[in-house]
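Have a look at the structure below before the remarks.
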Amino acid sequence: MTASKSSSATASASDRPDRYDPIALEQRWQSQWQQDDLYATRSPEPGQNAFYALSMFPYPSGSLHMGHVRNYVITDVIARAQRMRGDSVLHPMGWDAFGLPAENAAIERQVDPGVWTDRNIEQMKAQLARLGLSIDWSREQATCHADYYRWTQWLFLELMDQGLAYQKDATVNWDPVDQTVLANEQVDSEGRSWRSGALVEQKNLRQWFLRITNYADALLDDLDLLKGWPERVRTMQANWIGRSIGAEIDFRVSDHDDAVITVFTTRADTLHGVSYVVLAPEHPLVATLTAEHQRESVAAFRDLVGELSADERTADDRPKRGVPIGATAVNPANGESIPIWIADYVLAGYGTGAVMGVPAHDERDFLFARTYELPVKRVIQAAGTSDHLSDGEAWTGPGILLNSGRFDGQSSEEARQEITAHGQELGWARPKRQYRLRDWLISRQRYWGCPIPVIHCDHCGAVPVPADQLPVTLPKDVDLQGKGGSPLASLQSWVNVKCPSCGRDARRETDTMDTFMCSSWYFLRFADPHNTERAFDADAVERWLPVQQYVGGIEHAILHLLYSRFFTKALRDRGLLNIREPFERLLTQGMVQGVTYRNPRTGRYVAPSEVSDENAPKDPVDGGELEVLFEKMSKSKYNGVDPAAVIDRYGADTARMFILFKAPPEKDLEWDDADVEGQFRFLQRLWRLIESVRSDDQDQLLGDPVDPPEGSGLSDKEGEIRRAVHTAIEAVSDDLKGDFQFNTAISELMKLSNTLSGALPEASRAVQAEAVSALIRLLAPFAPHLAEEFWFSLGGQDSVHKQPWPLHDPAALVRDTVDLVIQVKGKVRGTITVPADCSKETLEELALASDVAERWLEGKPPRRVIVVPGKLVNLVPS
């Protein structure tokens with residue numbers, strides 16, 4: 001059934017309520033839209049544009065918060081506007097459903113994590129439905145369901161066959177609370193787990209990795225293609241990839257014929273200033289090169305460093321510590337003997353695990369050398385300066401070489417190339433690119449994740465599970481509380497299998513995948529959600545992708561967004577895709593913040609219910625003054641706002657309007673109950689405006705054919721109405737493109753409603769029909785329920801959300817008269833109304849004949865008259 005004038009959801013003139021009752025109205029239209037399958041995705045017709053609007057799908061916690069609301073409402077407005085513009089729109093939703101929160105909740109509540117997750121999904125779907133989102137729920141996906149993670153496993157095997165998935169022993173970040181491995185990106189700047197907050201430990205385990213580093217150059221270079229992404233996100237990814245162009249330098253170890261320490265440097269021009277070499281404490285050469293008299297201190301230092309995370313070791317504000325190992329190396333540039341140290345700031349997993357120390361030209365090396373009284377040798381001076389080094393600083397910029405033998409007098413840029421080439425001839429240097437990016441560690445030692453489809457055989461090694469045996473499903477009856485390893489390892493009936501290759505006894509892989517594996521391709525599945533033969537069809541993907549508009553938080557700039565780009569490129573190389581990038585445009589919405597009351601002396605947050613005077617808040621415990629701040633909403637800060645409570649009181653349309661109006665989408669939004677009330681009052685005013693038209697027995701205003709208004713036959717008031725209508729159409733249309741200024745679009749709707757409120761009832765039927773039709777259609781993406789109600793109440797045929805987006809008429813914007821500013825000596829002294837098509841000569845005559853000129857010129861002719869047609873006349877007295 002198609003929604004129409006006779007639809008059961010439509011209130012007739014007799015039974016329509018006389019006041020705005022959003023709850024009943026919204027429930028009625030949500031039910032009707034679901035019955036009509038209004039938002040089902042239709043394949044694009046020939047010549048029709050396909051538009052894919054997508055929000056980053058949520059973890060199903062069971063509770064919708066205001067951050068969710070902002071994300072999904074923003075995407076919904078974009079999807080609705082594009083649908084009205086004639087595009088075929090794909091706007092799906094799913095659930096990022098694996099992960100530690102569900103497993104931890106299951107342990108705490110003694111419930112199966114699958115049951116827990118499915119229950120949460122249903123709760124959140126019901127909450128989302130109340131927002132009136134134009135989502136095609138027939139394409140819904142949940143990453144924890146076997147019909148989805150079957151294809152995650154299949155894609156893993158594709159990557160494995162490409163050589164992009166591999167296993168190796170590695171020192172990894174271990175979360176002692178969640179008992180699992182973390183990728184580098186999941187450890188914060190304080191060395192804590194991104195989820196549990198525990199201090200991360202270092203542990204040596206055999207782990208699965210993906211070779212994302214194979215795509216480092218492509219991931220970096222193709223950032224230039226992403227013109228529709230925020231510059232901040234592109235910069236964050238570029239910095240994370242961290243491409244450095246330089247050289248590898250070999251330092252031969254004294255008295256160890258075969259031992260060579262290789263370092264990477266971008267400053268080969270400083271090579272003659274190297275006064276020591278530093279190894280990572282974990283570097284394999286440390287054990288063989290350490291002198292006997294230094295073994296005890298080296299061992300103690302290594303134990304100390306082992307307790308620190310990588311971020312702690314490299315933090316700029318932390319003193320750098322080290323110990324000498326009792327061995328020396330030879331500087332290949334000048335043959336000088338230099339000591340070998342180990343230090344906490346050098347990481348085994350980054351670069352070669354060794355660095356050269358140039359104290360005179362690196363701030364970190366300078367501080368380290370000063371701490372341990374190591375030599376400081378200057379080999380670069382700034383152009384045009386004397387050879388002088390301040391005691392308290394290093395010169396880190398380029399300059400002219402000195403104390404560098406044959407390279408003295410060369411510029412840094414020239415010397416970098418010359419020294420590298422010289423070393424390459426002699427066999428101790430070679431050009432090199434290095435990256436900060438590390439391969440993606442995907443192993444997790446937890447139950448609630450996608451099983452890795454590999455079987456380990458003593459004879460055959462790591463054997464892929466055959467594709468026809470997928471999915472490898474998660475077993476039931478697993479002890480989730482086991483510590484120190486994967487819970488799956490404890491279930492022998494699941495672990496012990498036959499090798500698919502040789503038939504001998506073998507064991508399943510018991511690690512599960514990082515949840516980002518599942519979210520790195522879900523946008524592809526939405527394009528072909530019911531395919532049982534493959535993860536997706538390339539033609540279906542090409543029809544919809546890249547995603548034209550992706551919406552999500554800035555916190556995913558490196559993790560999810562980088563991994564998704566990697567997946568897309570790897571699958572393209574595999575021949576499974578034809579696209580180069582997954583997301584054409586990206587909008588990173590700001591946080592939703594609520595007011596907090598904090599005791600600055602104790603750090604304690606006080607609930608608003610405990611604050612007796614909001615104007616002078618005091619802590620009820622110690623009576624001290626409280627700080628009043630706006631911070632990200634959270635339970636611990638007592639500043640959360642329940643979306644359900646807002647909808648129960650004001651309706652979803654008001655919640656949507658507030659979220660969109662309060663701040664530009666990329667900025668943080670400060671919650672304000674008064675502004676929510678203000679949006680509710682605005683919608684009530686719109687209700688009264690539409691009622692004022694209907695009260696004149698015009699409930700078929702949008703149903704009966706009406707000739708469009710013609711400019712020549714319009715009254716001045718009707719001309720003003722048309723100008724206001726078409727000004728709003730132009731402005732709102734512009735605001736719903738590019739940077740999406742929803743707040744200014746709603747401001748335009750407010751202006752239009754103010755103009756129409758007094759003038760519309762007296763206008764002709766044609767002007768009324770045009771104005772009301774445009775107003776309702778412009779409102780539809782923002783307040784979809786109320787717009788639908790208005791549309792049908794005035795006799796509109798079919799849903800307003802199927803109507804074409806209004807187009808502005810440039811002719812309607814042309815005014816018959818304009819207000820001309822009169823200036824005297826450059827200062828505004830008044831205005832006059834003149835015909836819009838006046839010549840400069842006529843404007844001058846009218847200005848001189850005006851009361852303004854008579855008053856300020858005192859009857860004297862001006863020395864000069866400056867005319868700016870349509871804007872102003874400036875009179876310069878004689």
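The backbone N, Cα and C atoms fix where each Cβ goes, glycine too.
Quick caveat, the model's predicted, so the values are computed rather than measured.
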Between 527-531, 632-636, 692-696, I'd like to know which one Swiss-Prot lists as motif ''KMSKS' region'.
632-636
According to Swiss-Prot, which listed range is motif ''HIGH' region': 58-68, 113-123, 388-398, 498-508?
58-68
Of the residue ranges 1-23, 300-322, 415-437, 783-805, the one that Swiss-Prot records as region 'Disordered':
1-23
Along the motif ''KMSKS' region' (632-636), what average pLDDT does this model show?
84
Under 8 Å by Cβ from K635 (ATP binding site), counting only residues of that chain that are 6 or more apart:
none
Residue counts in helix (H, G, I), strand (E, B) and coil for the motif ''HIGH' region' (58-68), per DSSP?
3 helix, 0 strand, 8 coil
DSSP secondary structure for K635 (ATP binding site), reduced to helix/strand/coil, please.
helix
